[in-house]
Structure formats: structure tokens, C-alpha cells
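Reading through the C-alpha cells given below for one structure.
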Amino acid sequence: MAGIHEGPEFGIGDFVLLRELSLDAFMENLKLRFEKSKIYTYIGEVVVSVNPYKQLDIYNSSYVQEYKDREIYERPPHIFALADNAHKTMKRQSRDTCIVISGESGSGKTEASKIIMRYIAAVTNISGQKEVERVKDVLIKSNNILEAFGNAKTNRNDNSSRFGKYMDINFDFKGDPVGGHINNYLLEKSRVIYQHKGERNFHSFYQLLSGAQDAMLSEYKLTRDPQKYHFINQGGDPKVGSINDKQDFRGVMDALKATGFTPDEVSTTWKIVAAILHLGNIEFVGEDDATINNQEEPSIIASLLGVTKDNLVKTLLSRVIAAGGQVVDKLLNVQEAQYANKAFSKALYDRLFTWIVGRINDAIDPKKGGIVGKNTVIGVLDIYGFEIFDNNSFEQFCINYCNEKLQQLFIELVLKQEQEEYMKEGIEWQHVDYFNNKIICDLVEIPHNGILAILDEACLNVGKITDETYLEAMAKKLSKHDRFTCRQLEPADKTLEHHRDFRIKHYAGDVTYSVIGFIDKNKDTLFMDFKRLLFNSSNGVLKSMWPEGAQSVNETSKRPITAGTAFKNSMIELVQNLASKIPYYVRCIKPNEVKSPLLFDDTRTRHQVMYLGLLENVRVRRAGFAFRMAYDRFLKRYKMICTKTWPNYKGQVVDGVRALIDSQGYSSDVKYGKSKIFIRSPQTLFALEKARTAKIPSVVLFLQKHTRGALARKRVKRLRAVYLIMHHYKRYKLRSYALACLEKFKNAKKMKDYGLSVQWPKPPNTLRATVEMLKKAHLRWRAFMILSRIPVADRPMMRLKVMAGDVLVGKRADWGVKRNWEGNYLASSKDNSNTADFVSAINTLKSKDQFKTILFSSYVKKTNKFNKTAERGLVITDKFIYKVDAKKKFKPMGHGQLLTQITGVSLTPGKDQLIIIHMSGGNDFVVCLENPAHEERVGELVGILVSHMHKILKSDLKVNISKSLNCMLGHKPRTVVVKETATNNGTVFKKEGDGLALYWPAS
């Protein structure tokens, strides 16, 4: 089902769902997915991973989120899905789980384990606890350290793990990592002293020479040229294109610091590596007893290891033997000294590696982090893959035995899981034939007659026991075993060398082993002299690695367990540990030998598929039913294809599943378990998927319609809520501001200026327009309060004075504001003794010209275009301006001129009564107001004209105030000035140059 998520062009994502189950169909699907860069494929819940030999962008944070908390079949195949399933099962069931990663060297096992670690780190510690974050950091960075000291370039893999690693990660009840523990198995320490052509020693040696600073190398008496050191130059060119030793050294140093290694511990670590390089360059010479040719090397080594040179040289050239109560020094010959030196170098590195693993375990020990109570674990096993070299020795024998044990566990647990599920669900189980490799495991490990038991027996025998005699013993005891052979048992087989080779028919293929070195490597002999030497080191860290060196020379000790038996015991313990957990598997495959991202070697890959038992795994999975799923999830996934179950089924879930299956006609191809439905053939599942795919577009449209409607309604509700909140908030702010204003202006009525001097509170931005209205309202109220003190009869006059004041205040010395303005002075006896004549004349004009009222009237002295001064009367009505002759009973002099012809007025800033009324006809009124009381009336006339003109024209009258005034008389421009005179003959206009002068009597 998983493959359907990706599309048919990518093949089938789960081998269980192959239409035809055969090796050819399996290989065709695997090759197609590799060519499409789909490197992961399922076998049920087993992940088959093909090394792509290139970087793929499928591990970023978006992929993490895509697989987090999803069921394994809900997304396309990925190692993230398996990691998430293991983590989720551990949390849900509170049971330990484990992830077993297996495959050939170079198939990507180490990378798979790092990807799993990064995923677990990414999906845990959501709350950001510092201790959890520290543990995650140590767990991830410890990989750098272990790879540097435990990995090496082989002819098959540039970064091959030369040790087995099993890591238990402890989790608390929330599923966050709180610690862990690492077990290491069988470090290939023979690599320390010897490498095949094209291979390298462990990465750490080359990282030290490439990445260390010059001062550090000088202290260790090293140069950067690896070719100068025998222990690391035997493979040829030390450079590897895919490895940057200098950069990796910096990464290891950072990881050591992050993991908690002290500066002394870091220094000791690299000193031991440097000491091993120098040990490889010691030259032993001599015919009988060995001596050291280059004495500078022991001095350097002694300094690095914190021992004296004399003690080191003595240990390298002799052996202390205690016999019969006597202690004697036995000198070594050249061959013995060389053997002892190599054994010492291997043991040094092996102890260093074991100590490093122990220090990492100390850093991630959950008890030291303060974690108490029960916690669950996820185990991750990254162990060497099955190996077949041209020359296969003791290490390859142990590695291949390990893979036999893991394959046995895999088959047994897969069968066991499958059987348990069928039994739990009440489904009949159909037996599947498969290759059981227990016979091979027994060949290696059974007591007395197993290969390791025969090897231990050979190592325990006193006398001259050689690898050849060990081979003869195996040939004798295993002659009837059909999985073992050698040249002695098959003389005609020339592919086997006499007295050297034996062959085991492994599940992964036939492997020929060279027996040379088996006894030595199994004994793993290291003289006690070396252990005592290093126990007495002045370096405390180094001393702690060799506690057994405290044993006295005269003490007898129990014979140490052999390397083969120790490894066998650790494998049995490992398998028991894995069997106690819920297992998950990553089966890694190497598509070619040349590390090409394009080449798929069918023969090479087919061989791996066969010996990994992948086809048997598919057969086991398909023995009864190809697919199974919990009822609730099945109904949720497929309910849209049946009208009885769409959109929701009201009854029991299992009844809904039955109704769905019956409606599609697949009842004969399914079985109903207690909690799951089991589908027998992949074709039924494909048909269900096809029907679901056809329904999805209409379901999507249905969901879109309702979702958009829901979103629109939600948005409208939100907007309404927003506007309601805004409305009430504005009202609240306005009310708050109004209350603040009331507090400020509460005594304004009693103030002399009615609050004009009060500082307004600063308004919110949203109320600025409202506040301007409030200010205007305050001003209107203030005006009302001022006007309320003025009698109603006086208000028209006050209005005129205000109008006049707007244009005269500050511009004219006196404008009559303090006196009463009467307007029609010619109708008053104070100014005019002939009021009857004036009234009679005005009534005649009123009847004739239809005006309503007189706005202003006064005696004036006027001038004309001939510069003549004449006494006249000036009458301004609501429509016309009249000149009247006071001496002829106020007879009008010509027709009145319309007020709308007035274009402006001009007056001086002084106390004179000169005023010019500008007319549009080109002949202005140039007059000086006269009255017996000598009152200031110009201001009154200006106020009347400004007010009335604004009323009839809806515009302001232009008022010009200047000492020199311009006017038009007889259509000619004239200039008028005012001059004071001492004569008391009254005002008079006189010609003065091209202009006029009004002579005004000085007061």
C-alpha cells in the first residue's frame, strides 16, 4: 500500500504487495526503485535500504514532520517511518524496542544508524529540557568519536565499522531521551599493525597527522607524512577522496569536548595514538637476544606513556617469568620481541577504544543525570556485515558468525511475530518453509565439538600446538558435518590449500578461511610485563586503563577467557537482549562494488537478497495474508467508496468494515480478526485503492466547499467581533476622554475666560476629529456665555463691532468701539436739525427704489474729480448708496449706486475720518465723515459695510488700511494722503501734485 502513495512509475513500495512473488519480480522492483532514487522499500514493517552512493535531500526537517506520529503505511517508505514506529510503540506499550541494522560492509549500516539517531533527536524534547538536550548532543556527537577510533577504509567501504556497536537509548515516560549505554564488540585490532593493499588503519591515526596543530605534533615528535610510520603505511596511498582527515579531526575534538572529556583525557588519548605510531617504527636487531637499533623511539614512547625509558626497553626486550618461587628475566629474540611489540600496540589501542566507550557511557548514564524510576529503551544495533575477502582470517570468521546469529534471530522473530499476530487475531496460520541457519550457529558454538570449542582446546594444550594441528583437529571432529570442509576431507578440491584452509557453507555463501593466526588471535596473548609497566605510568588516565597491572609478579592468576569464547558469549548475550525487545529491522543492500550512484549490479545484489533471506521474509509475510489493518483505520481510509459507510457509519466499526467489503464483492478474499481485517491478495488491496483514488476528487471538492464556507463564516464572525470590540473600545475611550475633559473644565463657568486657558487632555489618535468638534463646541459655548451678558437690544451693534474688529484691531488707532453705534445719524436731531426734511426725502426714495432700511447716514465732506470739496450727506441703505444735498432738503444728487458695485474700502491707521468706498464704475466715494461731536465713526461704517456685504455677497469685503490711499476719480487713479493742520477751519481736500491731501485739524 505504501508504494501507491508514490505512483506506479516508482514500482511497489512494499514487496509484500508484489503481484507475482518470485526472485526476478523482487529484483526488478528493487532495481526500478533504485534507478528512481527510491532507496527505501518495505517488507511489511521491515525496511530494505539500498545504498544510493549520493546525497539525497530526504532527511530535512520537513520530512521529519511528515513522518512524525504517522503509521508506517501512511507515508512512502522511509527509515524515518521505522524509527518513529519504534519510538511510538515504546511509548504506547511501555515496552523496550530495538532496531537491528544488518548488511554487508559498505551497504550503509553506519549511516542508517546515524539517520535514526538524528530523527529521534529531532522529534523529542519538545519542552526543551537542558539535560535531555545534553544527552541528545552526546548521543549524536559520540558517533564522531567512535567512527574516528573504530572505523577504517577497507577495499569495500571508505568508512567501514571495524567493531560492532549496540546502543541502548533510555527514555523517560514522555518519550524523551535521558541517557544510554554503548556496548562494543570485537574491535579489529589486528588492523593496528597490518593493513591489506588499498586499505588504511583506523581513521584516528591519519586525523592526528593531518589535523593536529604543529605544536602538538612537535610535542609528540611526529611529522605529517603517514608514509614514515610503518603501522599506517602498509596499505599504500593514505589519501581517501571521500574523507577529509583535517576537518574530521576538528569534529572529533569538538565531540570530545561536548561529551565531557577533560583536557588531560583528550591529551592522553592522542598521546596513546602517537605512541603506537612510534612503536611501529622500532627496529629490533640481533642474532640471539634482541636489541633496539633506533634508541630515540623508546625515549619518545616512554615520554608519551608516562614511563621511564629503561622500564620500557626492558619490557620490550625481555619477559619476567616466575617459576618455583624464583623470578627470572627471559631475554627475547628478534622474532619474539617483534611479536611482543605488536601485541603491545594492539592491546594499547584496544584498551584505549574500550576506555573511550566507557567514558561516553559515563556521560550518558541516566543515573548520573538524576533520572530515577522506570524508563524504557530503544536499542540500535550497528554491527559489521557479512564479509568475504580473498584472505579471510579469525576476524572475518567472528564477523560472519555474528551475522549468522543475527540472521537466525531475524528469521525466528519474524516468524514468531507473524505467528503471534495470527494467533492473537484468531486467524489460521499456514506454514512456510525457510532456511534455518541454526545448524551453522551450532557448528561454531556448540560445546566440545564446535569450531570455537576445538580452538579453545588447542589453545589450552601444553606443547607445540600450531594452526595446522588445530586444522587437523577440526577435520577429525567435523568430518561428517555437511557445512564444513577442508582439503583433508576433500582432497580433490584444489581451491582449498593443504594445511591452511577450511570452508564453511554460510547462509550467505561459502567462505574459505585461512587458519593461520587463529591460535594466536584467540589466545590474545599480552605479557603481564606490559600491564605492570602501564599500571605504573605517571599518567593517571593511562594507569586507570590497566588495573590488572597491580598484580604482583609472584601471584598466579586464572587463565583469561579466549577472544573467540568472549565474542561468542557476547553474541549470545546480545541475541538474548534483542529477543527480549520488540524488534524492527533495516536490511541494507550494496548495489555495486564501485560505489556508483548509477550502477545496479544484478548478480551482486541478487546474492545479498538471497543470503539476507528477504524473499523468505516476504513469503512469511504473505503466507496467510498480504495485508492487514486495524478496523478503525481501514474504515476511515476506505469509507468513501461505500454509500453505507459514507460519510459516517453509526454502528460497530467491524460491521462497517463488513458492509464496505461486501459492497465491493471481496468477502471471499478477506478474514476478520479480533481487531484487524486481513486481506489475502494484493489485487484486492489495489482495487480498493483504485476505488478510493477515484472518489477522492469529489471528496476533496466536498471538503473544500464546506471548509471555505466554514472559513468564510469564521472570518465574518471574527470581523463582527473585531468591529464590535472597536465600537465599544472607541466609546470607552471617548467616555474616558469626555470624563477627563469634564474634570478639566468643571470650573470653566466660573473662570473669567470661561476655560480658554485650560490645557486640553491629549486625545487618542482615533478621537482627534471628535476632539476638534468638542473644541468648537467649547468655543461656541464660551461665545454664548460672553454674549449672554450683553442685552438683546445691543447685540446687533455688538455683532457689527465684532465684524469691524476682525479687520481693524491692531491696524487702526481708534475705531469707535467704546461708543454706541446708531447708524442713521442724519435722522437724529443731535447731528441734523432738519430731520423732518431728511425723513421726507428718504421716504420718497424708499418708495421709488424699494429699499427697506437705512444702514448708515452722516454728513460728509467729499471731493470730486475736479478737486472740489463739498458738504454733502451720505446715505447707505440695504441696496444703494446715495449722495444727498443737505442744503436742498437732502435732495438726492443723481441716482443711487448699488451696494453690489462696492469692491472694497480704504482708510488710514490714524484718527481721521477719511474713508474711500471703491466702486466698480471707476468713480469712488472719497469722503471725510463729519459730526458735531467729532466722534469716531469710520470703524462703524466699516463694520456695517463688511457685515452687510458678507450677507448679500457671501464673501468678505476687502479692507485696505494705509497712510497713502489709492482711488479712482473720473476714471483716473489718484493718491490720497492725510495731513494734520493747525487751522481750525475744518477738514478740506486740496490738490497736491497729482494727488489729493485731506487736511485734518490737529486736536
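Each Cβ is built from the backbone N, Cα and C atoms, and glycine gets one as well.
Note that TrEMBL annotation is computational and uncurated.
Looking at the stretches 42-64, 571-593, 778-800, the one that TrEMBL records under the feature region 'Actin-binding' is 571-593.
Long-range Cβ neighbours of G108 (ATP binding site) (same chain, at least 6 residues apart, Cβ-Cβ under 8 Å): S49, V50, N51, C588, K590. Within 8 Å of the Cβ centroid of the ATP site, not counting the listed residues G103, E104, S105, G106, S107, G108, K109, T110, the chain contributes N51, N157, S160, G385, C588, K590.
A sphere of 10 angstroms centred on the C-beta of G106 (ATP binding site) encloses 23 other C-beta atoms. Mean pLDDT for the region 'Actin-binding' (571-593) in this predicted model: 89.
Counting every protein chain shown, the number of other Cβ atoms lying within 10 Å of the Cβ of E104 (ATP binding site) is 25. In sequence order, T154, R156, N157, S160, S161, Y384, G385, E387 make up the list of same-chain residues 6 or more apart from S105 (ATP binding site) whose Cβ falls under 8 Å from its Cβ.
Counting residue by residue with DSSP, the region 'Actin-binding' (571-593) contains 9 helix, 8 strand, 6 coil.
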